[in-house]
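Visitor: Pasting the feature list from TrEMBL:
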TRANSMEM  72-90  transmembrane segment
TRANSMEM  102-122  transmembrane segment
TRANSMEM  165-185  transmembrane segment
TRANSMEM  206-227  transmembrane segment
TRANSMEM  233-252  transmembrane segment
TRANSMEM  264-280  transmembrane segment
TRANSMEM  292-309  transmembrane segment
Amino acid sequence: AFGVSPGNAARALPAAVEIQPACLGLYCGRTVLSVNGSVETYGDCGVCPRGQRTDDNKICRECMGSPDRYDWLYLGFMAMLPLVLHWFFIEWYSGKKSSSALLQHLTALLECSVAAVVTLLLSDPVGSLHIRSCRVKKLSDWYTMLYNPSPDYITTVHCTHEAVYPLYTIVFIYYAFCLVLMMLLRPLLVKKIACGLGRSDRFKSIYAALYFFPILTVLQAVGGGLLYYAFPYIILVLSLVTLAVYMSASEVEFFKDLLVRKKRLVVLFSHWLLHAYGIISISKLDKLEQDLPLLALVPAPALFYLMTAKYTEPSRILSEGGNGH
């Protein structure tokens, strides 16, 4: 009726698709409404559903990948944080005469292990220890709420979604299960076996957990992306500092002190495991022939401290200084 042949109309159809309004924003995308063969119908530009993120064409695509080795190492680090804090406060408040510390350590390990397994089983795909995820491409993927566009500088298009699905929210779920299992198991255990402590002291490790779990939650909410890229170096620095503080506070002078007191030997091996974890996280073990020899550096800081501690003893330095005058 308008003088356009069917062939020209068919050729004009792609042009109509191309002049479709652009999808603004770094993380805004169009959801796929229907698929008819090779033809897809898209919705309006907006937030992608959970479990999806935008591709290069601003289309929301379902996350079908799986976490790589570095992602699993990051999740392992976030899973270790509450366990290490549990062990620290249990040891701090158990007292020297209490025989319940070991059972509390084992209970904390059980709580965190069960919480980790349940979290993985409830993640998509449900019932499997494997999880599907989106690949982390850059730091901004963790903070999509900061990239909501304002086309007219008045109206904001909210496109906040979990672009790193599920690395961000799975940590919160894990912490929730850790807290629930602790409240179910630990009070009964402590009440029965912590007979060497006073009534006000036996539950202090549990009270400490009620403080550090909210702190860990806020830390993940605000600094999850920063922790993702920095956690290997955080592990190395903290493990070195805590090892030096522990050995100096315990007055460990030479190897015989470690062999006599098995508890100190356990603490040393624990720090060595953290050192190895940090080195593996940095190298990612991409090239085994180059990365595995780096693990030989794990005992170096402790050996250096043990061999030089007698030369840096404050009393000896003060005595030599006095003799020099």
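Placement of Cβ uses the backbone N, Cα and C atoms for every residue, glycine included.
Predicted, not measured: the structure shown is a model, and the values here were computed from it.
Tell me about the setting of these features in this model.
Guide: Long-range contacts of the transmembrane segment (165-185) within the same chain: residues 50-53, 63, 67, 71, 74-75, 78-79, 82, 86, 107-108, 110-112, 114-116, 118-119, 122-124, 131, 133-134, 136, 142, 206, 209, 213, 216-217, 220-221, 224, 228, each at least 6 residues beyond the stretch ends and with a Cβ under 8 Å from a Cβ of the stretch.
Here the transmembrane segment (233-252) has Cβ contacts under 8 Å with residues 77, 227, 258, 264, 267-268, 271, 274-275, 277-279, 281-282, 301-302, 305-306, 309 of the same chain, all six or more residues outside its ends.
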Visitor: Out of 72-90, 206-227, 264-280, what stretch is closest in contact terms to the transmembrane segment (102-122), meaning most Cβ pairs under 8 angstroms?
Guide: 72-90
Visitor: Residues sitting near the transmembrane segment (264-280): Cβ under 8 Å, six or more positions beyond its termini, same chain?
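Guide: Distal contacts: 73, 76-77, 232-233, 235-236, 238-240, 242-243, 246, 250, 252, 257-258, 291, 294-295, 297-299, 301-302.
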Visitor: What parts of the chain pack near the transmembrane segment (206-227), using Cβ distances under 8 Å and only residues at least 6 beyond its ends?
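Guide: Answer is 74, 77-78, 81-82, 85-86, 89, 92-93, 139-143, 164, 167-168, 171-172, 175, 178-179, 182-183, 186-187, 190, 234.
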